[in-house]
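Heads up: the structure comes next, in C-alpha cells.
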Amino acid sequence: MAARLLAPPGPDSFKPFTPESLANIERRIAESKLKKPPKADGSHREDDEDSKPKPNSDLEAGKSLPFIYGDIPQGLVAVPLEDFDPYYLTQKTFVVLNRGKTLFRFSATPALYILSPFNLIRRIAIKILIHSVFSMIIMCTILTNCVFMTFSNPPEWSKNVEYTFTGIYTFESLVKIIARGFCIDGFTFLRDPWNWLDFSVIMMAYVTEFVDLGNVSALRTFRVLRALKTISVIPGLKTIVGALIQSVKKLSDVMILTVFCLSVFALIGLQLFMGNLRNKCVVWPINFNESYLENGTRGFDWEEYINNKTNFYMVPGMLEPLLCGNSSDAGQCPEGFQCMKAGRNPNYGYTSFDTFSWAFLALFRLMTQDYWENLYQLTLRAAGKTYMIFFVLVIFVGSFYLVNLILAVVAMAYEEQNQATLEEAEQKEAEFKAMLEQLKKQQEEAQAAAMATSAGTVSEDAIEEEGEDGVGSPRSSSELSKLSSKSAKERRNRRKKRKQKELSEGEEKGDPEKVFKSESEDGMRRKAFRLPDNRIGRKFSIMNQSLLSIPGSPFLSRHNSKSSIFSFRGPGRFRDPGSENEFADDEHSTVEESEGRRDSLFIPIRARERRSSYSGYSGYSQCSRSSRIFPSLRRSVKRNSTVDCNGVVSLIGPGSHIGRLLPEATTEVEIKKKGPGSLLVSMDQLASYGRKDRINSIMSVVTNTLVEELEESQRKCPPCWYKFANTFLIWECHPYWIKLKEIVNLIVMDPFVDLAITICIVLNTLFMAMEHHPMTPQFEHVLAVGNLVFTGIFTAEMFLKLIAMDPYYYFQEGWNIFDGFIVSLSLMELSLADVEGLSVLRSFRLLRVFKLAKSWPTLNMLIKIIGNSVGALGNLTLVLAIIVFIFAVVGMQLFGKSYKECVCKINQECKLPRWHMNDFFHSFLIVFRVLCGEWIETMWDCMEVAGQAMCLIVFMMVMVIGNLVVLNLFLALLLSSFSADNLAATDDDGEMNNLQISVIRIKKGVAWTKVKVHAFMQAHFKQREADEVKPLDELYEKKANCIANHTGVDIHRNGDFQKNGNGTTSGIGSSVEKYIIDEDHMSFINNPNLTVRVPIAVGESDFENLNTEDVSSESDPEGSKDKLDDTSSSEGSTIDIKPEVEEVPVEQPEEYLDPDACFTEGCVQRFKCCQVNIEEGLGKSWWILRKTCFLIVEHNWFETFIIFMILLSSGALAFEDIYIEQRKTIRTILEYADKVFTYIFILEMLLKWTAYGFVKFFTNAWCWLDFLIVAVSLVSLIANALGYSELGAIKSLRTLRALRPLRALSRFEGMRVVVNALVGAIPSIMNVLLVCLIFWLIFSIMGVNLFAGKYHYCFNETSEIRFEIDIVNNKTDCEKLMEGNSTEIRWKNVKINFDNVGAGYLALLQVATFKGWMDIMYAAVDSRKPDEQPDYEGNIYMYIYFVIFIIFGSFFTLNLFIGVIIDNFNQQKKKFGGQDIFMTEEQKKYYNAMKKLGSKKPQKPIPRPLNKIQGIVFDFVTQQAFDIVIMMLICLNMVTMMVETDTQSKQMENILYWINLVFVIFFTCECVLKMFALRHYYFTIGWNIFDFVVVILSIVGMFLADIIEKYFVSPTLFRVIRLARIGRILRLIKGAKGIRTLLFALMMSLPALFNIGLLLFLVMFIFSIFGMSNFAYVKHEAGIDDMFNFETFGNSMICLFQITTSAGWDGLLLPILNRPPDCSLDKEHPGSGFKGDCGNPSVGIFFFVSYIIISFLIVVNMYIAIILENFSVATEESADPLSEDDFETFYEIWEKFDPDATQFIEYCKLADFADALEHPLRVPKPNTIELIAMDLPMVSGDRIHCLDILFAFTKRVLGDSGELDILRQQMEERFVASNPSKVSYEPITTTLRRKQEEVSAVVLQRAYRGHLARRGFICRKMASNKLENGGTHRDKKESTPSTASLPSYDSVTKPDKEKQQRAEEGRRERAKRQKEVRESKC
C-alpha cells in the first residue's frame, strides 16, 4: 500500500526536474537491475504480476492533481517537475502541471534524439502544448472545420480555409512531436492511439493535395475523421469510447453465432425461394403461335417480350408489378395473364433469394425487422402461404433471439463497466483513508489536539443551534432516491447478514448505541424527534453522531410541540463515524437502499396527526421527513457532478439542486424554515456550520492547511455572492411584512391549495387538449379565456409563494424554478400572441403537465430515469452525435453527387427524392432513419445511384455501430436505471405529499360523517350490539381500497390481542416469530385492537432487517386508533388493511371432498330459506346431490372433456369466414355444434354452481371468465331462437364468442403461469402506459398546435396526382375546380393527421413504431397553413419535431415497457424461487455444481464387437477425429450449396451435380460404416437416425428429384438441416465456450418461450376471429389485398403474425378507416348477403392499438425479458469453475473405464482414469499420493463408486468448505434414489486406509524377514520356544496397528449397518491376508 501513497502535500512535493533528477532516475534504474534476482521457475510469475507496483490511478496523465497537494507553488506552473507517482521512480519521466492543475506526463529522453528535457525549444513547446488556450484553439478549429465540411457546394474561397486548417493541424502535431518525442519511448507522440488519427488525417491531406489519386472525393471523406479528434480533446469521451470498444469485443461470439444462424437460414431461403420473386403476371401474346409456325422461327424476340415492363400486370398505385406463384396457395394472376419468370427481382432487383449473398441480405433485413412485411408479402405471394412457417422461425429465433442477445451482451458489458467504476471508487476510498492515516502520523501532536478541541466545539454548537432553532429535519428522501443497478441488490443481501451479525455483537457487548435497554430511552425513541417542517429547504451539515442516542439531546425536549410530525427510524441507524458504515456498500453513501426498503413495509404510519397551531404549516409538500445523518463521503457511483467556480468537480446527491448557493458539504440534511417567532439563520452562520462540519466529518484527521484547501474546493461561488443573497434575496425588512408573510405562508402552504393547483393543472391540460380543427369562434373564445384564467392562477401562486418564502428560498426548490420558468413563458406568450411564428411558445404551456410529477410518483420516476439516463449518458450522447455527424458527412461526400447525377434511376420525374444525401441536412436525416432501424429502402436508392459495394459498407457500418451497439448501450443504461425499488416504492420512502394529505383529510371527513350518521341511526333504531363494529369495518374496507396491491403485512382489527410470555404479540403467529418488530418502527402495532398477519411468501423479506426486540404496548390505544385512521399508503407500501373476515384459509387435505357453502353468511342471515339442514329430508338429498356433482367436477376426465369441448368450439369459430354462406352443409353443422357447445358449457356451469357453491365459484377470477363467456353464448342462443339474430347489438355480442379460447388459459399450466406473471405486471404496465400517455399528450397537443388543419390537399382521384400550388393554392381554389368536375377532384385530408388530440395520439403511435410514419412526416414537412395546398418540403425543419419525439417519445417510453417487465420478472422470481438469495457465493457455487452432477449418471457404452474387422471399424468410427472430419465435410457441402445461383450456366450445374454426388457417396459411406460397426445400436442414437433419413432422401433425390420437388419439398433442404450437427462439435472446441453459453441461454429459454408462444398464439387466434367478424368485407387497398386480408381464418393469422412485430399495421388500418366517399356502403359481395366495403374506424383503431400493445409491447417484451434473464444466468453458469460439459466429459471418459456401467471402477485403474480426464477435473500423473490423500471410500473388490470420485474431484476444484457436507448429503440421497444400484455396496475401506495398510504390511514383512535371518544362530529348541513366544506377541502387534491406528469407518459407511459386524469382518479378512503373506514368505 505504501507504494501507492502520495507524497506528503505542500511545497516539498513540487520539485523541479533538473539534470540531477535525471541522474537520480538513471541511478535508480541501475540499482533495480542489480537487485533483480534471476528468474527461477515460471511458477511464481503470477505472484510477481500481483506484487508489481502499478501506476496510481489518481496521478494518471490527463487527470487533475488531487486536492491534497494544495496549490502549485509560485513559478512551478508549466515547469517540468519530478514525477509524483512512486511507480515512475525507475522510469525516465517527468510531469508538468498547467493552471488548472491538470497533469501531463512526458518522457525524459531526448525528443527526436536532439531535444533534451532542458532544451529551450522543447520547454516552449511543452508550455504551448499544456496551455488551456491551445486546446481551446484546436477545439474551435475542429468545430469550424466540421461546419465547413457540411457544405455540399463549398464556395471558391473555402479552399484557402482548408489550407489554414491543415496548417493549424500540422502546427499542433509539430508542437506535440517536439514536446513529447516521436515514437521511441513511452508518452511520445505515436504512443497515443489518438495521435495516430491526427497523423493519418494530416498525411492524407498532404497526399491528396500533392498527388493526383483520381477519386478525390472518396479521399476527402477521410477529413471527416477529424471530427473524431473532438473525442481526444474532450476528457470524458475517451472512457466512453473505451467502453464501446469493450462491448464490441464482447460481441464477437454473438456476431459469429448471428452470422452462422443467418447463413443457415439464408441457405434454407436459397433452396426454398430461389428465382421465385421473379414470377410475374405476363400478358400472353396473341400472335405468339402463328408467327412461330409460318417460317419455323419466332416472329418476335421472346426474351425482349417477357422483359418488357409494359407486358406485366401492375396494380394501380403500386410501383412494382404484381408477383404470383404456381402453387395453389400462392398469388394468382387475373384472367388473360400467365404466371412466369420474367424481368428483374423487386426493389431494383435487390430483394431476392437467387444467390447466397442476396439471400443473406434478405435474412439480415428480416433479423433487423426493417420493412420485412414487404419481403414477407412478396415471398408468400410467390411461393405460397405455407411458407409463413419459415418466417415464424426466422423472426422468433433470428430476430427476437439474436438481436436481443446483442442487447444482453451490451447490457452486460455496461454492467461490468459500472462494476469496475464501483471497485475503483472503493479502492480510491481505501487509498484516501490510508493517505489520511499517513498524514495524521506526520502531524504534530499539538495540532491534533487543537483539531480535537475544535471538533468538540463544533459538535456542541451544532447541537445547540439545532435545539434552539428546531431545525434539522433531514434532507428529503426524494433527493436521495437513486436508480440503482442490480449489483446494489446483491450487495444488499450481503449487508443484511452483516447487519444482523453487528447487531448480535452489539447486544453481547452491551453497546448503548446499538441496543437500548432502559425503558425510559425506549419511550424517548418511540416518540422520536419531531420537527416543524415546511417546504423552504436549505442545506445544512450536522455531526455524524446519533443525536437520538445522546441522553438529554435537545431534540427530545421538543416532542410535545404542537407542530410536531411523527417520524421514526430504526435504532441501528445512527452510528458513530468509527463504526463500520453499513451504507458504504451502497451506490451512494446514504441510507437509501437498506433503510428505505426497511421502512417501506410500514409506510402508512408516517402519515401522522398533521394539524398544528400553525395549521398553515401542516401542508409542507414533503412532510414527515425521517431524520437521516450520514457517514462520511463514500464512493458515489451515479452521482451527478457539478463544476464550481474553481473548476473543481464535486459530487452531489442525485436530486440535489445544483443552483443552491450554500457550500456543498458531504453530510447534508435539509433544514425546514421555522414557525413564527423563530430566528432566521443567517447565511454566514450556515456557511460556518458547513465549514465546521466538513472539518469534523470528512477531514477530522487532516491538517489545518488541508481544511482550507478543501473549503475552497467545496465552495460553489465566491463569498460576495453569499453576501448579495443574504442582503437582497431574503426579505426581512419590517415586522408587518413578516406578519403578512406568515399569513400568506399559511394559505399557500396548505395541502388544499396544492390540491386546487393540481386540479387547475389537470383542467388546464384538458383545455389545451380540447383544441381541434375546425373550431367554432365561440369555442375558441372559451379556450382563450380559460387560458387567461389559468395563467392568472399560476402567476398568482408564484407571486404568493415568492412573498411567503423569499426569492432565495423559493428558488432553492427545483419545482419552483420550473414553475417560475413556465409562468414567465406564459406571460411572454400573452404579450407576443400576435407575433407571427411565435405561436410555438404556446407549446411551452404544456410543460405544466409535468407539475403533476410532484404528486405522481411514477411520472416523477420516469422523468428521473430519463434525466438520469441523459445525464449519465451525456458523453455517450456526444459520441452518438459525433457518429451521426461523421456518417452524415461521409454520405454527403461519397454519394451526394451521385444522387444528383443519377436521380432519374430512382425518380421518374428526375427530381431528388425526399431521402437523399445531396446536402448535409438530408444526409443527417438518412443516418437518423438508419438509427431508427430503417435502412433497407434508403440503401436500395443509394445502391441504384452510387453502386452497391460502397453503399453496403457505409449502411452496414451505420447499422451495426449506431443501431446495434450505441443504441443498445442506451437501452442497457435505461434498463440499469430501473430497479425493483423504483416501481414498487416510487414515492421515495413512501412519504406523503400534499395531495395525499388533502385526500386523507377529505376521507377522514367523509368517514367521520359516516360514523356520526351511523351513531345517529343506532340511537334511533336500537340495533343489536353485534352491529356496532360494522362502521369501522366498512371504513377499513374503504381504506384497503386506497392501498396499493402489494402483498406484505396485513393489519386487521381483532378484539383479543394477547401477549405471550416474551411480550411478543401472539397475533404475529409462529411462522414469523423471528420477525418481531422494533418498537420505534412499529409503535402503532401496540394498539390492543391490532394484530399483524404476515403472509409467509414475503417478496424479499424486509423483516430480516429489523431487530428482534419485544413489542411493547405502552402507547395509548386511543392515539393509535386515530393514527391508524389517517393511515394511507404509497404505491410502495406492502401493507394491506383488511377486515378481520379475510383470515388465511387453512389448507385442507386433498381427501377432504365436501363442497363449500352455497351462499355467504350474510345471505343466510338475511334469507332464512337459504339455510338447509343437511342431516335429514330434502336437505340430505340436496347434500348428496352436491357431493355427487363435486365428485364429477373434480374428476380428471371431466376436466379433459371440457378442455376438448373448448378446443372444438374454438375451432368451430375459425370456419365462420366470408365463404360460410356458400357452404351450406358446414354452416348447418356449425349452427347445431354451437347449440351443443352452449348446452354443454351451461351444464358445466350448473354442475360447478351446485358443487362449489356460489361463494367459491364467484370468488374465482377464472370462473368469472367462464361465466361471462357462457352468458354471451346463452344470450345469442336465445336471440337466435326468438329471431332477433340480425339485431346490431346481438351481432356485436356474437363477436364476443371469439373470447371462448380464453377459457383454455386456466386449463393449461404453462399459459396460466405466463398470464399470472402478466397479471402481476399489469399495475406497473398500466402505470407506465399512463405515464407514456401523459408524455405523449404533450407531443400530441404540440402536434395539434403545429399541424391542425394543415394536412388537407387537393387531389385528382382519376390520375392520382396532387395539384401544384401554382394551380391550386388553397381550399377555395380547389372548391372552384370541384364545381367544374365534381367526381374527379376532391379536397382530401390525410387519414392519419393531427386535427385533434385523439388523432394525434394515433399518428404518434405510428411514428413511435416507425410504421406509416413517413406519410405523416411528409404531410408535416409539406404543410403550410390551415386549408392551404401543401408545398413539397416547404416546411422542411418540421422533421425536427419528429426527431425529438422519436428520441423522447419512442426511445425512452417504449423501452420503459421492457424495463418494467424485466423488473417485474425479477420481483416475482424473488417472491417464488428466491431461495438462493440467502446463499453465500461459496454455497451457490457448490449448489450449482452439485445440481449439475446430480442429474447425470454413467451410461452403458456400446460394446465393442468381437469380430476383428468390425472391431477395427468400430475403433475408427468412434474416434473424435472421425466426427470432426465428417463435420468438415458437412461444412464443405454447405459451401458448395452456397455457390448455387438461380441463373447459373448448364456447365456450372453439372459440376455442382457431380460435387454433390461425391458428398452423397461420402455420407453414404459414413452411414454404412457406422451401421457395420455399431450393429443394431446404430439406431439407438437420434443423430444417426437423422443422418440415415437424410442419406436415403439424398440417394432417392438424385434419381427422383423432379417428382419429389413437384410434390414435396426439395431434398436439398434436408442437407441444410444437417448443419445442426455442427452443434455437436462445439463441445470439442475450447474456443467456442462463448457460443456454447449463448446456445445454452437459448436452451434455457425454450420452455418459457414456448409458453409465451402459446399465449401469443391464443391472442392471435382470438384477434383473428374478431377480425374476421368485423373486417372481412373492407375495401382492398393499402395493406389489404386478395391474399392479406381478414376474409378467412388463415389470412387473418398471416396478417396478425405480421403485425406482432408491429410491421405494416398502418397499411392494414388504413382501409378500415375508410368512410364514404372513399368507399361504398352499397357494394354487393357475391355469395354473401353483406353490403358495403367500408370499415369501422373506432373498432379498427381499438383492434389494432390493443393488439399492438398486447403483442408488440407486452408479449414480445416478455420474450426479451426472458432472454436477457437467461443470458445472465447462462453467463454466470459458464463462469462457474465446473460446467455441465465438464461433468459430461467425466462420464464419457468413465464409460471407457467402466464398459458395463456398473458405476464402479477398480482401484488400480484410478490413476489412469484421473489422468485421462480433461481440465479442470484432471489430476495429472504422477497422481498416486494426491489420490490417496483424497481418502476415497472403497467397496469389496477394491472398487470405487463414480459419485465418490466425482465428489472428491469437484472438491479439489472448488476448494474445501464446511458448508459442503449438507449439500453432499442431499446429492448422495438424490443419486441413490435415481440409481438404486449404489445401495447394495457399502464401503469397507478407503484409499488412504488401504495405503496405511500396505505400508504396515511392508513394515511387518521387513521385521519378519529380520526375525527369520536371526533365527539360524540359535538352538532349534530355544528357537522354537522363542518363536512360540514371539508369535503371540507378534499377533498382538500385528492386530493393533490395523485397528487402533486407523480412524473409524463412520464417515464412509451408511448409518443403517452394524459397525461392529463390519469391523469384525475387516479384521478377519486382514488376518487372513497376513497369514497368506506369512505362508508365502515361509
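Glycine is treated like the rest: Cβ placed from N, Cα and C.
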Membrane side match, Asp1431 / Leu1600, Swiss-Prot record:
yes
What Swiss-Prot calls N-linked glycosylation site, among Asn308, Asn640, Asn1062, is Asn308
The residue that Swiss-Prot pairs with Cys904 in a disulfide, chosen from Cys902, Cys910, is Cys910
Record (Swiss-Prot) lists phosphoserine for one of Ser476, Ser518, Ser613, namely Ser518
Of Ser520, Ser1359, Ser1779, Ser1877, the residue that Swiss-Prot annotates as phosphoserine is Ser520
What Swiss-Prot calls N-linked glycosylation site, among Asn215, Asn1045, Asn1089, is Asn215
Annotated as N-linked glycosylation site in Swiss-Prot, from the list Asn544, Asn1356, is Asn1356
How about the transmembrane segment (1325-1344) and the transmembrane segment (752-770): at least 3 CB pairs under 8 Å, pairs 6 or more apart in sequence, or not? yes
With the cut-off at Cβ under 8 Å and a gap of six or more residues from its ends, the chain residues touching the transmembrane segment (388-408) are 251, 254, 257-258, 261-262, 265, 268-269, 272, 363, 366-369, 372, 376, 379-380, 964-965, 968, 971-972, 1638, 1641-1642, 1645, 1649, 1653, 1693-1694, 1697, 1700-1701, 1756, 1759-1760, 1763-1764, 1767-1768
Note: among glycosylation sites Asn308, Asn326, Asn1356, Asn1370, Asn1381, least Cβ-dense neighbourhood at 10 Å is Asn1381
Rounded Cα distance, in Å, between Glu373 (Na(+) 2 binding site) and Asn326 (N-linked glycosylation site) is 21
May I ask you to check whether the intramembrane segment (356-380) and the intramembrane segment (1398-1419) make contact, with contact taken as at least three Cβ pairs under 8 Å and only pairs 6 or more apart in sequence counted?
no
The rounded CA-CA distance in Å from Asn308 (N-linked glycosylation site) to Asn1356 (N-linked glycosylation site) is 29
Excluding its own, the Cβ atoms lying within 10 Å of the Cβ of Glu373 (Na(+) 2 binding site) add up to 23
Best-packed against the transmembrane segment (872-890), counting Cβ pairs under 8 Å over 133-151, 752-770, 816-835, 954-974, 1262-1280, is stretch 954-974
Glycosylation sites Asn326, Asn1356, Asn1381 vs Asn1370 (N-linked glycosylation site), shortest C-alpha separation belongs to Asn1356
In the repeat 'IV' (1502-1799), averaged pLDDT is 83
As a whole number of Å, the Cα atom of Asn1356 (N-linked glycosylation site) is distant from the Cα atom of Asn326 (N-linked glycosylation site) by 37
Outside the transmembrane segment (954-974), at least 6 residues beyond either end, the same-chain residues with a Cβ under 8 Å of its Cβ set are 243-244, 247-248, 251, 368, 403, 406-407, 410-411, 413-415, 865, 869, 872-873, 876, 879-880, 883-884, 887, 890-891, 894-895, 927, 930-931, 933, 935, 938-939, 942, 1451-1452, 1455-1456, 1458-1459
For Asn326 (N-linked glycosylation site) and Asn1381 (N-linked glycosylation site), the CA-to-CA distance in whole Å is 44
Glu373 (Na(+) 2 binding site), DSSP three-state class -> helix
What DSSP gives for Asn308 (N-linked glycosylation site), in three states, is coil
